[in-house]
C-alpha cells in the first residue's frame, strides 16, 4: 500500500516538473506572450482532483520555485499561485461536474486573476511598470489547451491510480 | 477517497499561512540572496532540461543543412573574415598609436580583458522584466555586476549568479541604467531602460544639450561597472517639447536584444597583454620599445613643439614611427601654458585618432 502511494506521488510530481519545464522553456519572442500557464494548469488539475493532498501549501512551494527560476522577486508567484489554488479548492466540487468548456472558462478567469495579482504585487514591490493587456494573453491560449491538459492528466491519474 | 470533513488544518488557515510566508519573502527579499542562489543552483538542471528542445532544434538545423547552404555560409564567412582582418590591421595600428598617446597623457593604457563566450539558455517569460539566463555561473568566475556584450553592443549586466547559470539584466529593463557618452561631442548622460526591448531613453537631459537623432551612445566608463567605449545605442528621436521640463530622447539599443543567442562575458579587471592573432603578426609592422622613450621628453618639450601642427606630420614618411614632436603635439589639449593655441592643437590632436579618416591613419 505504501509503495502504491509513493508511486502515485512520484507521478504527480513528475507531471508538475514537466509543467514547470514547459513554463520556463525558451520560446521564440513571437509566441512568448502567448505561452500558456502550464504549471498553473497542472497544479489546478491536481488541486481539483485531490484537494486533500495537493493544495495551497504545495502551490506556495511551487510558486517559490518558479520565482527562483524566473528571477523574479521571491514571493510574487507563490502568493498569486496559492490564492488561485485556494479558489480552486473552494469550488473543486462544482468544477469537477462542469462540462469541459465551462471548466476552461473558469481556468481562463483564474489565470486572469493570477496575472492581475502578479502585476499588482510587482507594481507595489518593484515599482511602476506600464500596464499591458498582453499579460492576459496566456488566459486565451490556456483556454484552448486546458481540454488537452485535463484529458492527459486524467488519463495519467486513472492509469496510475493516483489518489 | 475524499473525506467529507477536511483533515488537519482548514484551507483558510493554509491560505493565511501562505500569504504571510509570501509577504515575509517579499519584505526580506534583499537578505535572501544566499538562499536564492543555492535554490537556483539546485534548480539549474531543470533549466538545462528546458533548454534541450532549443538545443535539439539547433542541432537538427545543423545536421540537415544541405551542402549548398553550407557552401553559401562558408563563402559569406570567408568574406567577413577578410573584411575583419583588414579592419584589424588598421585597428592594430590605431591601437598602438592610442596606447602611446595615453602613455603620454599619463592615463592607464587599456589592456585586453578576459572574455568568455556564453550561450543564452532562457529568456524572461515575464512581460515586465527583460533578462536572459546564460550557461555560465560562478564555476567560470561570473560575478554580480559583470558587463555582458554581444557582437553589436552592450547587452546588460549580470544580476544573479548560481553555480552553473547566471542571469543578465538587459539594458532595456526598466530597472537598468547605464552611463553613456555621445561619441560626437562627449556629452554625458544616463540611459534608462523603458521596458520595450528595442528602446531606451535618456532622462533628465537639458533641452539645450547638443544631442541629435543618429548620435552613437557608447559606455562612458563612469560608475566603474562597464568598461569604457562599448557601443550601447543609437539615438532615434529627440523631442524638445515646451511642456516638458527636459528633452525626451529615445534611443535604440545596438545589441539585437530580441534575438541574442551568443554573448560575451567580460572581466574588465582581469587584464592580459594584448596579443595579435598569429596570422596577423607578420602583416602589421610593429615598433617595439617606442612608448617608453616618448614618455620622458613630453613636459620639457611642450612649449617649443606646440607650434608644429599635424598637417606637416601627416606627410611624414616614417610610417609607424611617431616622433616626440607629433606626440607631444597631441598632448596639447590639457596644456595650460599657451591657452591661445589650445583649440587648434586640440583639433589637430583629434584628427589622427578619428577612425573616419582611414587614409590619414595609413599615412601617419
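Any Cβ shown, glycine's included, is placed from N, Cα and C.
Since the structure is predicted, the reported quantities are computational estimates derived from the model, not experimental observations.
Note on the transmembrane segment (A:6-26): residues 35, 37-39, 41-43, 46, 50, 54, 62, 65-66, 69-70, 153, 156, 160-163 of its chain, located 6 or more positions outside it, place their CB under 8 angstroms from a CB of the stretch. Residues or ranges marked as transmembrane segment in TrEMBL: A:6-26 (among others).
According to TrEMBL, the feature transmembrane segment maps to A:38-62 (among others).
What TrEMBL lists as transmembrane segment is A:68-92 (among others).
According to TrEMBL, the transmembrane segment annotation covers A:104-123 (among others).
Look at TrEMBL and you will find A:135-153 (among others) tagged as transmembrane segment.
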Any contact, the transmembrane segment (A:135-153) to the transmembrane segment (A:68-92), with at least 3 Cβ pairs under 8 A: no
Distal contacts, the transmembrane segment (A:68-92) - CB-CB under 8 A, six or more residues away: 20, 23-24, 39-40, 43-44, 47-48, 51, 55-62, 106, 110, 113-115, 117-118, 121-122, 125-126
